[in-house]
Amino acid sequence: MAVVEVEDVMFAYSDRPVVEDVSLEVEQGDFLGLVGPNGSGKTTLLELMIGLRRPDSGSVRLFGQPAHASETGKRVGFVPQDVAETEGEMPVTVREVVRMGRYPRRLFGRFTDEDRAAVDAALRRVEIEDLAERRVGRLSGGQRQRVFIARALAAEADLLALDEPTVGVDAESREAFYDLLGELNDEGMTIVLIEHDIGVVTSRASEIACLNRELYFHGDPETFVETDALSAAYGDGQSIVHHEH
Amino acid sequence: MSGQPLTTVARPLQSLDGAISFVLDVLWGSVMDVLAALTGIEMLGFPFMQRAYLAALCIALIGPLVGSFLVHREMAMIGDTLAHSAFAGVAAGLFVNSLAAVTVPPLLSALVVAALAALLVQSLIDYAGAYRDTSLAIVLTGSFAVGSVLITATGGGIAVGINAYLFGSLATVSRGNAAILLAMSVVVVAAVAAFYRPLLYVTFDEVGARAAGLSVTRYNQLLAVLTAVVVVGAMQIMGVILVAAMLVIPTAAATSIRGFKRSIAGAIGAGLVATLSGVTLSYLYDVAAGGTIVLVAIAVYVASMLAVRAQE
């Protein structure tokens with residue numbers, strides 16, 4: 001079943017088009033890596049896919065419904081850009097943030113045993129139960145990412161959308177974080193990931209979409225590294241982040 | 001025959017007056033009288049001080065309660081903006097009263113104008129794409145301008161009444177105003193209790209909340225209107241110019257507390273210290289209540305920061 005269906009989508013900020021003629025599908029269980037140069041519309045496309053924006057033309061369907069329909073929100077876990085870098089003075093604890101994952105189902109009324117169990121299970125799954133009473137703002141970048149993943153797991157999300165989640169995270173935590181994403185994907189979680197590090201994406205993702213306003217490539221990583229889609233999208237002379245893994 | 005419609009109108013008014021009298025005189029008045037008798041502190045027995053202490057309690061409760069959400073969204077200045085629009089509302093009420101035969105309670109006109117300003121500010125931020133602090137500054141100065149024009153338009157006749165609202169005073173807390181503040185406090189506490197989860201989610205992670213399907217715009221509007229209610233309620237004692245302090249300073253004093261709910265409780269505690277001792281000192285030394293409360297609140301803030309430093 002297709003989790004996300006993007007069809008002929010156009011989106012512009014006033015008269016500046018940032019996404020043009022993009023069509024792609026994300027199947028259940030896919031791990032899609034979205035790559036492209038800075039300002040290529042990756043974040044906008046991700047926001048369109050999970051219904052944070054509505055396309056100027058074309059259509060985006062999420063779980064078979066229009067993406068902006070509020071019901072689809074319950075099934076999406078979103079890890080925003082620079083969560084690892086923003087420290088924040090807000091005195092929320094890890095547990096309070098993970099509990100937010102249950103809010104779409106339980107915006108009012110008491111938490112049930114099921115809600116509490118889902119929160120505990122999510123904390124255990126990403127191995128941060130010992131941090132539960134700590135302040136989110138006082139954690140390391142790598143730990144903070146796990147909090148957001150746990151929030152998505154507590155929500156029982158079927159789709160995890162991440163926007164450059166490892167900016168500002170040390171190499172070791174980064175590896176561990178991508179291992180965790182790989183495990184979740186193996187367990188059936190559909191993942192859409194924006195990542196500037198091409199090496200990470202090609203080694204971890206099952207699908208690659210290469211974007212620079214238009215879609216330059218959509219397919220498996222093996223084919224992607226053989227084509228010249230990358231240099232076409234980035235243009236000649238652009239520096240490409242590429243680490244060996 | 002002619003008495004018939006009058007009594008039907010008068011009856012609900014009478015019962016409202018009865019309810020106010022029951023809460024203010026029978027419940028609160030008796031508690032304070034007992035307290036005065038037990039402690040031997042004379043001022044606790046004065047009805048106007050009893051009302052001032054009641055207002056102090058309400059302000060210490062609802063200021064930090066709403067302020068905790070504002071401060072952590074970096075929207076601390078919205079309180080100040082809405083206070084100035086409330087000032088325009090007070091001026092409008094007094095202006096209408098000076099022209100027409102009707103009597104508009106200035107607190108009511110302040111509430112209406114501040115609530116409208118709250119929605120205006122929120123939509124400026126949401127739709128016009130204006131810089132947040134720029135749109136706040138426009139509404140702040142614009143409404144103060146409206147207020148000052150209205151005051152002078154009556155030839156200065158209402159300038160006397162407006163002073164009490166600008167700087168706040170203990171004497172402004174009439175029976176009616178105390179009742180309005182109490183009712184506003186009940187509404188604010190009930191609203192925050194009911195909408196605690198969405199307000200927390202939107203405060204912590206607005207984009208995430210939107211992705212999760214929450215109607216973020218609605219909750220932003222709710223928070224802005226609640227801020228307007230708090231500002232108008234607290235304005236009588238605090239004064240327009242200082243009222244925003246009760247949204248911000250107690251909250252700032254409690255940010256080192258772990259856990260959002262507990263930090264709200266801590267902020268209310270800090271607020272209580274500030275308002276209760278502020279009202280007391282203001283009476284004892286015959287100085288402005290609002291200013292005294294703010295100075296005590298800042299002292300509490302500094303003390304809490306020093307305590308955190310010492311711990312680390």
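Keep in mind that glycine also has a Cβ here, set from the backbone N, Cα and C atoms.
Heads up, TrEMBL stuff is auto-annotated, nobody curated it.
What you are looking at is a predicted structure, and each value in this text was computed from that prediction instead of being measured.
Look at TrEMBL and you will find B:20-40 (among others) tagged as transmembrane segment.
Feature annotation from TrEMBL assigns transmembrane segment to B:52-70 (among others).
Under the heading transmembrane segment, TrEMBL lists B:82-100 (among others). Note on the transmembrane segment (B:82-100): residues 106-114, 116-118, 121, 139-141, 143-144, 146-148, 150-151, 153-154, 157-158, 161-162, 165-166, 224, 227-228, 231-232, 235, 240-241, 243-244 of its chain, located 6 or more positions outside it, place their CB under 8 angstroms from a CB of the stretch.
The transmembrane segment annotation in TrEMBL covers B:107-125 (among others).
For B:137-166 (among others), the entry in TrEMBL reads transmembrane segment.
Within its own chain, the transmembrane segment (B:178-196) is flanked in space by residues 20, 23-24, 51, 54-55, 58-59, 61-62, 65-66, 105, 107-108, 111, 219, 222, 226, 229-230, 232-234, 236, which lie at least six positions past its ends and keep a Cβ under 8 Å from the stretch. Among the features that TrEMBL reports, transmembrane segment is placed at B:178-196 (among others).
What TrEMBL lists as transmembrane segment is B:222-252 (among others). If you look at the transmembrane segment (B:222-252), the same-chain residues 6 or more away from its ends with a CB under 8 A from one of its CBs are 52, 55-56, 58-60, 62-72, 76-80, 82-87, 89-90, 107, 110-111, 114-115, 117-119, 121-122, 165-170, 172-173, 177, 180-181, 184-185, 187-188, 191-192, 195, 199, 202, 263, 267-268, 270-271, 274-275, 279, 288-291, 293-294, 297-298, 300-301.
Positions annotated as transmembrane segment by TrEMBL: B:264-285 (among others). Counting same-chain residues at least six beyond the ends of the transmembrane segment (B:264-285), those with a Cβ under 8 angstroms from any Cβ of the stretch are 43, 49, 52-53, 56-57, 59-61, 63-65, 67-68, 170, 237, 246, 249-251, 253-254, 257, 292-297, 300-301, 304.
Long-range contacts of the transmembrane segment (B:291-308) within the same chain: residues 56, 167, 237-238, 242, 245-246, 249-250, 252-254, 256, 270-271, 273-275, 277-279, 281-282, 285, each at least 6 residues beyond the stretch ends and with a Cβ under 8 Å from a Cβ of the stretch. Under the heading transmembrane segment, TrEMBL lists B:291-308 (among others).
If you look at the transmembrane segment (B:107-125), the same-chain residues 6 or more away from its ends with a CB under 8 A from one of its CBs are 78, 81-83, 85-90, 92-93, 96, 132, 135-136, 138-139, 143, 165, 177, 180, 184, 217, 220-221, 224-225, 227-229, 231-232, 235-236.
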